[in-house]
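*Asks:* Take a look at the following structure, please.
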């Protein structure tokens, strides 16, 4: 099986430097062009299925990338980005001021601390690990497109390579 891993196109939150996690954030014009351009470059790839998260930015990216191609699409909660709780759509500079203690704890120990009212890394890693089991059910596919998020895709690569979850930072 060939996995084609694609991060969603640029979003308004990306441009603003905000933690977007599960928050809805639209693709920018540049993000739309990114998806369309990649779709043209991958036009010859015979994708048999496309998986994406439940979040609109990945679904829109998949639609723009695939265009008029008749590729079955399926969304998975396990592919959703990490949930940042109260930090959703917030900038780290604001968090350093307004939630300084929790933000400092998370920065110092991101594997064990959690964003305020958000998802801890261990739960996030387990959720993504569960998707690897789902993925194994599609081994017969030759070309599978996965449109996801930076955190999810980096963690998925580390897990598929049997590396520690913390190795996700080697795959930005």
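Placed from the backbone N, Cα and C atoms, the Cβ positions cover glycine too.
OK, TrEMBL features for this one:
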{"type": "BINDING", "residues": "7, 8, 9, 10, 11, 12, 13, 14, 57", "note": "substrate binding site"}
{"type": "ACT_SITE", "residues": "8", "note": "active site, tele-phosphohistidine intermediate"}
{"type": "ACT_SITE", "residues": "81", "note": "active site, proton donor/acceptor"}
*Asks:* Tell me the Cα distance separating residue 7 (substrate binding site) from residue 81 (active site, proton donor/acceptor), rounded to the nearest angstrom.
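*Replies:* One finds 11 Å between the Cα atoms of these residues.
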*Asks:* For residue 11 (substrate binding site), just give me the three-state DSSP call.
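*Replies:* SS state of residue 11 (substrate binding site) = strand.
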*Asks:* Comparing the recorded positions 7, 9, 11, 13, 81, which residue's C-beta has the most other C-beta atoms within 10 angstroms in this structure?
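*Replies:* Going through 7, 9, 11, 13, 81 one by one, the largest Cβ count within 10 Å is at 9.
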*Asks:* Between residue 57 (substrate binding site) and the residue listed as 'active site, tele-phosphohistidine intermediate', how far is it from one CA atom to the other, in Å?
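*Replies:* Per the Cα atoms, residue 57 (substrate binding site) and the residue listed as 'active site, tele-phosphohistidine intermediate' stand 6 Å apart.
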*Asks:* Return one of helix, strand or coil for the residue listed as 'active site, proton donor/acceptor', based on DSSP.
*Replies:* coil
